[in-house]
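As written in Swiss-Prot, here are the features:
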- HIS47: active site, charge relay system (ACT_SITE)
- SER116: active site, charge relay system (ACT_SITE)
- HIS137: active site, charge relay system (ACT_SITE)
- 268-287: region 'Interaction with pAP' (REGION)
- 359-378: region 'Disordered' (REGION)
- 359-365: motif 'Nuclear localization signal' (MOTIF)
- 504-524: region 'Interaction with major capsid protein' (REGION)
Amino acid sequence: MSRDSLFVAGFVDISTCPKEDPSLNLDAQTWSRYLPLSTSIPLTVEHFSEAQVGWVTGLFSVAQGLFCTAVITAGEFLELLDSLYLECTVAQHSPKADLPRNPRAEVLHSWLPELSLSSVHPDLLGTKDEPGQVFHHISLCALGRRRGTVAVYGDSLAWVLSRFQSLSRDDVAMIATNALTPPSQAPEFTVKLGLLFAKAIDAGFISNRISTLKLDRQAAGISPATYLKASAVPQKLETAAPLNQPEGADTLIDSTMSGPGAPPAPQDDLIPVPRSAFLNMLESTVSRTHPANGDAPALLPFGRYNMVQVPKGLTPYVRPVGFIEPSDQDDYRYPSYTGPRPYDYFAPRQLCRNCCTSRPRKRAREDPEDEVSFPGEESTVFRKDLTDLSKSLAELQSEIRELKQMQNTPRPYPRPEHHYPAFDPLMYGLRPLPNPDKFPKEFICSDYFTKDESASKKPEVVHIPNPEQHVPACAAQPEVKLVEEKDVAPKQPRVVNASFQPKAETSKAATLQKLFCDEMLSKQ
């Protein structure tokens, strides 16, 4: 193992992988004219010219694409890798394969796992503006723009080339034979560490970086027996010893328990949710949930029986065993019809979301624009929401119990009956036709409308004053009788109408008749 160098190799372009930018396409026939390299080109970090860490010893055109080899010889950079290994948890994560520990290779696989080629734009090739040097440099980076450009680090070139299963034996032999010897000149690693830290921070916010590295590793055909950390997960080096539990005690703790006595959930299982959103989800869940032991389904109203159900009144009557009836009766009984009860027309009770279970919605919290959050730091707004949720947990549980009690309230169903009620034609939307034989022959009016008037109205007596002749009291009695007979004589019905007025002719005739009677009585 050499302490002064570290070898690296990998694809800088795979022809079968699609490119997002057309300028990233490398035509094998066009670029093969500038290969192989006549001299070594710089190997840098994140395309910083002052961050040169070694030399590129070869660029080779193979069946899959463009392959490169390089060597890291900068002493300052190698010392930086040794110091980073002592503080990096991911780098100290042991590889899955049975490989010896290599701190420098493990740090580079965790920090700079891919390669990036810097070359002339394809549009300038073959023109008068084509520069003399087509390939500028190759950089170690956190994630390349071309897919499949995964780097493999090792202590020897032969070991590094053996990790690529996509290379044939002829390609491996050709690369090992034609690789250049690095220059004896030491590379200039004078970059400020702040620039490297800034790039490392930016790499932490690349979307889907880990999954992309896994796909690039598969595209390059790299063997699992490498130090690549694309699928590594940070683990704690020290674990707390388990507490002593008595025999028979359950040592498993469910992290999803909730309540005052529940253990705290792990940090990875906590999802910050605003209070308004949590209440809305809880409300919709409770409204859709029906009690386990619900009431029986409601009875169907009249006129909604299907072909499977038996209509009321058409079920055969079964006589009880040992019961002797006084007379033979029909097999089918139709008890006396009783009017429908009020609850027969009630629809099935349903929970109204608008007026029963819905709670007054609170105004959703607006995200403050001036809220500043840093990577790895929990947001203040989410922390406040979690605190409020923990304080109001008892209130939410009480509300859930009240909603369940409302749903479990029994419905006022009628008591079961032993016999079906009588057949009701209205149940099928039919009305019984009247029997013409039972129609009355002549119109008979009831005294319902006139009994009050006849009881309250007294016989009307009209007295005609006669100053010339005195009428005795005994002689006035027939006059009253005549008036009563006149009023009672007609058999026609009388209807009290509030807007009706007596006819004037009737009053005049009664007056003349009375005058005639007075004349007859006076002559006797």
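Even glycines carry a Cβ here, placed using N, Cα and C.
Long-range neighbours of HIS137 (active site, charge relay system) (same chain, six or more residues apart, CB within less than 8 Å of its CB): ILE41, PRO42, LEU43, THR44, HIS47, VAL56, SER118. DSSP classifies HIS137 (active site, charge relay system) as strand under the three-state reduction. In three-state terms derived from DSSP, HIS47 (active site, charge relay system) belongs to neither a helical nor a strand segment and is classed as coil. Local packing around the active-site residues HIS47, SER116 was summarised as the count of other Cβ atoms within 10 Å of each Cβ; on this measure the leading residue is SER116.
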